[in-house]
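Peer 1: Would you mind keeping the following structure in view while I ask a few things?
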2 protein chains.
Amino acid sequence: MPESQQIERSVFFISDGTAITAETLGHSLLAQFPNVKFNVHIIPYISSEEDALKVVQEINACQQVEGELPLVFDTLVNPHVREIINTANAVNLDVFEGMISKLEQELKTAPTSLIGQTHAVIDSEYYKARIDAVHFALDNDDGARTRHYDKADIILIGVSRSGKTPTAIYLSLQFGIRVANYPLTEEDLDDNRLPKVLREHKAKLFGLMIDADRLVAIRTERKAGSRYASYSQCQMELRAIEGIYISEGIPFLNVSEMSIEEISTRVLQITGLKRRIS
Amino acid sequence: MPESQQIERSVFFISDGTAITAETLGHSLLAQFPNVKFNVHIIPYISSEEDALKVVQEINACQQVEGELPLVFDTLVNPHVREIINTANAVNLDVFEGMISKLEQELKTAPTSLIGQTHAVIDSEYYKARIDAVHFALDNDDGARTRHYDKADIILIGVSRSGKTPTAIYLSLQFGIRVANYPLTEEDLDDNRLPKVLREHKAKLFGLMIDADRLVAIRTERKAGSRYASYSQCQMELRAIEGIYISEGIPFLNVSEMSIEEISTRVLQITGLKRRIS
């Protein structure tokens, strides 16, 4: 479609907290409309009626400039604040509308309507597990240290730049999983067997696999023209590591077409590890 | 409330993708009902009618055992799959219901109904920026390297265990911000001024502040009974660093009561840095 016909639309994500929930949900929905260019405004920490009135002015100003109604996603708990936002000249996609009252009716207990509740969050076991897991992932990144592998829930292995580090970080931060990661280098692969430190923890190993084309592209961004980034080198390493995965019976996943969210979700599904959530 | 009266309820988060959106939204809603104990089932990658029928059996089995209707949050795009899920004996909180059709009507363009769309995701600038930012945060964690500070969007500073590393990781992974972090040690604080490497990048500095009580608690979990974890040591370091923040005019934030999501959101708000989102 020619650029002049591209539909543009302003979107507001409004929350009394960080706006991360509104943003996550909104993006899932907006991804269904790839032809539209969305101009995103993220507005966290709207807790008073005064704050809300300012946001309404901002939305209305946007509508006046663009001549189209902006889309508004909100996750506001306070009904008074929500009502004010609803007065804006906008298409209101009230995420919580109906849901909280439906839950209230079903659970036969009133919602707290407490905004934030961060204190409860940071003192929860779940939150502490996540923060501990992030520190664990960093301390045990890239084979730097191996002496804490007995405390790991899982040890990701793979060739350099196959996605081990971002996956380890995501699993720890989002799901509270204690993840170590270890790169199998050319020397390891020449041996055609696992290094001793990994053999001792074989039940925790999980392999990442990637197509040679994709690996070449990723390594080229890092070191263009190097042997490290060459097709023949990448292919050789990948054949060797796949051989080890198969001969050692290590579960593995081809992550070439996957985002870190998807790799992480699949790894949990395959290994049976549980998300540590509240 | 005595334990015997605690309300328990099973909850299903069902998605054709990772289920992260359903889970994020569901948790925001369920947090409004702290008196209820929710037994969470997360079910990603439900894309066929066959998959959906199995999930319906699982929900119905759960209902039979518990005698109460389970709560079901789904973010299914395919209407046929969604209809099958809706046949379960459950309270259906269909997240996308109505929203996609409302958007379709407003945007005058049909939704793609493509499930996943991961290929589009991993080739997007946004995704690449996030992965690069994660590698940047790790390479520039804890003052390990300082020669890339010219490429940083922000440099977090603070005393040991004030939350720099988890915040840097969250900002990079979630928002694609390039974050370095540098711990101000006792020697730096004795000088009562910034180390040279930080003075050169003063405009990028952002300080984390924390209450002495909280810092003592965090350091005690790491090294109980040490001088490092003592109240007097923590208080001394915090007074010195607050003095530097104020005298140097460095923006700072007391993070004692904040989750990493909240710290990250506030940091963006104060600095004006923009989330790198699609």
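Cβ from N, Cα, C; glycine included.
Curation does not apply to TrEMBL; its annotations are automatic.
Okay, these came from TrEMBL:
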| type | residues | note |
| --- | --- | --- |
| BINDING | A:Gly158, A:Val159, A:Ser160, A:Arg161, A:Ser162, A:Gly163, A:Lys164, A:Thr165 | ADP binding site |
Peer 1: Which are the residues of the chain, A:Gly158, A:Val159, A:Ser160, A:Arg161, A:Ser162, A:Gly163, A:Lys164, A:Thr165 excluded, whose CB is within 8 A of where the CB atoms of the ADP site average out, their centroid?
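Peer 2: What remains near the Cβ centre is A:Asn181, A:Pro183, A:Leu208, A:Ile210.
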Peer 1: Please list, in sequence order, the residues in the chain of A:Gly163 (ADP binding site) that are at least six apart in sequence and whose C-beta is under 8 Å away from its C-beta.
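Peer 2: Same-chain residues close to A:Gly163 (ADP binding site) (Cβ under 8 Å, separated by 6 or more) are A:Leu208, A:Ile210, A:Val255, A:Ile260, A:Ile263.
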Peer 1: Within 10 Å of each Cβ, count the other Cβ atoms, then let me know which of the binding-site residues A:Ser160, A:Ser162, A:Thr165 comes out lowest.
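Peer 2: Relative to the other binding-site residues in A:Ser160, A:Ser162, A:Thr165, A:Ser160 has the fewest Cβ atoms within 10 Å.
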Peer 1: Can you tell me whether DSSP puts A:Gly158 (ADP binding site) in helix, strand or coil?
Peer 2: strand
Peer 1: Taking the Cβ of A:Arg161 (ADP binding site) as centre, how many other Cβ atoms lie within 10 Å?
Peer 2: 21
Peer 1: State the count of C-beta atoms found within 10 angstroms of the C-beta of A:Lys164 (ADP binding site), not counting that atom itself.
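Peer 2: I get 28 for this one.
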Peer 1: Sequence order please: the binding-site residues A:Gly158, A:Val159, A:Ser160, A:Ser162, A:Lys164 that have their Cβ under 8 Å from a chain B Cβ, otherwise just none.
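Peer 2: Out of A:Gly158, A:Val159, A:Ser160, A:Ser162, A:Lys164, none lie under 8 Å of chain B.
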